Amino acid sequence: MENTRNLAERTPRSERKRQDSFGMFDGYDSCSEESTSSSSSEDSEDEVPSIPASLPIIKNNGQVYTYPDGKAGMATCEMCGMVGVRDAFYSKTKRFCSVSCSRSYSSNSKKASIMARLQGKPPTKKAKVLQKQPLMAKLAAYAQYQASQQQQNLAKSKAVVPVECFDWGRYICSNNLVGAPVSCFKHVPMGTCWGDLAEGVRVEVLNSDTNLSTKVYWIAGIVKLAGFKALLRYEGFDNDTSRDFWCNLCVPEIHPVGWCASSGKPLVPPKSIQNKYSNWKAFLVKRLTGAKTLPPDFAAKVHENMQFPFKKLMRVEVVDKTHLCRTRVALVEQVIGGRLRLVYEESSDDFWCHMYSPLIHAIGWSRSIGHRFKRSDVSKKIDGQMDAPALLFAKVKDVDQSGEWFKDGMKLEAIDPLNLSAICVATVRKVLADGFLMIAIDGSEAADGSDWFCYHSTSPSIFPAGFCGINNIELTPPRGYTKLPFKWFDYLRETSSIAAPVKLFNKDVPNHGFRQGMKLEAVDLMDPRLVCVATVTRIVHRLLRIHFDGWEDEYDQWVDCQSPDLYPVGWCQLTGYQLQPPAAQSEINSLSPPYFVEEALLANW
């Protein structure tokens, strides 16, 4: 709010803009009389945007970069030994070249790396290769290369023990936690038809408290609900918690009351309380009168919702993780719970994303909007390949670009796709068709535009200038910008720029249902193979701050409330996806529980 007040104080009353429901100023006046240029209708891989004369140029390994203050400063990664420009390193401490190196430092492998450097050994081959990657695409390139190297090394040296034993029930009960309800996640199975399932609903389940050799069932009630998982208590135990158990409500062993009668299955009371009542039938009639149970077609709906339209060998266009400014063709290799493992054509590199991700598109999308595209030399399709139908992809909102619209050079605030914990000062670099924009982070963009990234104009990841200040979010200024604290008014005047008008941004805030402190399973978007135990730590309109349990706050990520990369508790168990447990720092440092060591290794696998 300080930035906003300063702006208001320094702007004549007649020039002040009215605030709208977003709580934002409706645009800033340009400090220059020159108008911004319109976007070009054509694009090519060799196109190089102009570099403002006021910015010094840095050359590194043949790659040209702009850097606001011209002071590079060098740093050495404490994990892999790579030497590079300090401000291109990850996190505030600048100790590591990437997320993977930072996380690996906490694992068992850090000891060997430290010893090697203390003994004067040169950087690994991995580090030397990394130095050749485009500097400002560092996180994407580093993560890709390190993932492939770690996968090869682990396959040769040590088998990773799959982490399948995380106990959500114990974790929730021991800390009195709350899981986000399934209804918050419209993209997951049962997300739109979860109904009013709540505490008190009765179900028929297997009776584990029996000496009988055959399967028998009993009625249980939901005591606590967390995502797909429910804490159940057998009828008749009243306030006795000794036999409570957690179960995923979408597994085949859960049935509505009445299923046993219609299926000819026996209802047998648990042996611990079998003598508590002489007439169990009368007891059940009394307890179940007026009670709720699952819909009779619940299991059928679960089965239907677990069918996914994307199939192996379907072709899609997806963002090139080594050059965010372009897309390339990839093949669907695997589908798990709606998540796709894509393998790039002419490459063994893969990329994980959800089928509703804004990063994937139908074949031909790039040409239709004027987006950069890496052409493939593959001339003949493999048997079974087919282009994924356009109707399978997430639809974007239609926009009218004929009136007042985004223009090249306009300033805004945007979530940095290479550092999702930061909302940064950014610039519209090119206006594409159908409402899409190419965005660059100020102060850290490559001269060839290879680190530009594409957001739709309705994307919840871009914001008007001043959004962070009004909502008390730390705004990341351009790298090397020394006039702090950052003030938008001064910056616009210094750069002779204008801010994109507030009315062009998406102001819709759905009634998402998330609350601060809720638990969920979330994709680590810096390594999108991983789905981790996570917490909603902050909510700003539709924006969620996701914290990965056990990790430092610097790994937090800003995510939209409707992101397809968020899942309810129990989603991994339901779909068969591997869940990464919390990284307990004290136990990682002592290296006692084996699965924590493996988790640290998996982060780079």
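From the backbone N, Cα and C atoms, a Cβ is placed for every residue, glycine too.
Just so you know, TrEMBL annotations never went through curation; they're auto-generated.
These come from TrEMBL:
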type     : residues : note
REGION   : 1-55     : region 'Disordered'
COMPBIAS : 7-20     : compositional bias 'Basic and acidic residues'
COMPBIAS : 29-41    : compositional bias 'Low complexity'
DOMAIN   : 68-103   : domain 'FCS-type'
REPEAT   : 166-270  : repeat 'MBT'
REPEAT   : 278-361  : repeat 'MBT'
REPEAT   : 363-478  : repeat 'MBT'
REPEAT   : 486-582  : repeat 'MBT'
Secondary structure composition of the repeat 'MBT' (363-478) [DSSP: H/G/I, E/B, coil]: 15 helix, 38 strand, 63 coil
Composition by DSSP (helix, strand, coil) of residues within the repeat 'MBT' (278-361): 17 helix, 35 strand, 32 coil
Counts by DSSP class (helix H/G/I, strand E/B, coil) across the repeat 'MBT' (166-270): 16 helix, 30 strand, 59 coil
Residues of the repeat 'MBT' (486-582) by DSSP state, where helix covers H, G and I: 19 helix, 31 strand, 47 coil
